[in-house]
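K.L.:
What TrEMBL records for this protein is below:
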TRANSMEM  12-31  transmembrane segment
TRANSMEM  38-56  transmembrane segment
TRANSMEM  89-109  transmembrane segment
TRANSMEM  121-150  transmembrane segment
TRANSMEM  162-184  transmembrane segment
TRANSMEM  190-208  transmembrane segment
TRANSMEM  220-241  transmembrane segment
TRANSMEM  247-265  transmembrane segment
REGION    313-355  region 'Disordered'
Amino acid sequence: MTALLSLDFMRNALLAALLVGIAAPLVGVFLVQRRMSLIGDGIGHVALAGVGVGVLTGTAPVWTALVAAVLAALAIELLRHLGRTSGDLALAVMFYGGIAGGVVLLSWAPEGSSTNLTGFLFGAITTVTGSDLVAFAVLAGLVVLAVVLLRGRLFAVAQDEEYARAVGLPVLATNVLLAIMTAVTVVVSMRVIGLLLISALMILPNATGQILGRSFRSSLAWATLVGVACSLGGVILSFFADTPSGGTIVLLTIAVFVLASLLRWGAGVLRRGRHAPAEAHEHVHWEDCGHQAVLHGDHVDYLHDGHRHAAHGDHWDEHTDDPDARTLDRAAEHTDELPDDRRDGRAEDREESRG
């Protein structure tokens, strides 16, 4: 690892990957909520035309690509806001026209200019220069700052535009801001993962975060962690395996998503294995049924014939006992025989043990 960090181009590559790994999931989470997961692909198509303009004019491709991407994002949002029936057709013309124009413009580039089309499309992270890194840091910093300061407004508008409009939030301005942030993220990710693969890093970490997290905040934290880990890990793997950085990062992100899905499935199987359908269960339980009620996690079990019955959906399950559970059940059966003060204490002990 020390040898890896001793190389200037790898230090630049890892720093660029870190910036993208943070920014992409932060923006992607709101795109997922709005069901616009693939908008990054479309903006990336148009950004390639901006790259071509930059190469032909001798301007830094980062800035011309940024202008093209922002204009495309604004056009997309305005078309969506106006509700034009021809919006999809207009967007298709814009997207495919952008990538076609970029390819043609790059083919006209003078000899000796940097025209690595594959690098722009699929990532060429080892070509990141110091000036590129500064530009990426500024742009990514603005994206992160906007998300931190306006995350509540972005969340509300992405969840329910009608409600946000009813409570007085500036819906159009917020959506325009998100569109601009998406365009900026696409340009920042251009060298790291490529214009055609950027949507993967916006969407897949958030899909993984939704599996691992239990709230919006925890899901976003998991998504950012996955984005950073896969970006850095993908760059390192691509260096040793001599593979394109963009494809390696995306494949690693997919692998993490599949692993998280399998873990959730396995956890569900284990939880279901702890409950067995109660055989010959002739009646249901309620508060006054005469059986001892025992708090069990987020629901109540009822002691019946030496085991516990619990309602699950439209049926009753018999919980598999373990030695500790049987001990608590026996104690619970005799709780009513204790004085009030001891009965209360026994109930508290039972709840703490089950918690």
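Cβ atoms are placed via backbone N, Cα and C, with glycine included.
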K.L.:
Can you tell me which parts of the same chain pack against the transmembrane segment (190-208), counting only residues 6+ beyond its ends and a CB-CB cutoff under 8 A?
P.N.:
13, 16-17, 20-21, 24-25, 27-29, 31-32, 37-41, 44-45, 47-48, 51, 62, 65, 119-125, 127-128, 132, 136, 182, 219-220, 222-224, 226-227, 230-231, 235, 244-247, 249-250, 253-254, 256-257, 260
K.L.:
Let me check one thing: do the transmembrane segment (162-184) and the transmembrane segment (220-241) come into contact, meaning three or more Cβ pairs under 8 Å with sequence separation of at least 6?
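P.N.:
Taking Cβ pairs at least 6 residues apart, the transmembrane segment (220-241) and the transmembrane segment (162-184) are not in contact, as fewer than 3 fall under 8 Å.
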K.L.:
Counting only residues 6+ away from its ends, which parts of the chain sit with a Cβ under 8 Å from the transmembrane segment (121-150)?
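P.N.:
Distal contacts: 9-10, 12-13, 15-17, 19-20, 22-23, 26-27, 48, 60, 62-63, 66, 114, 174, 177, 181, 184-185, 187-188, 191-197, 235, 238, 244-247, 249.
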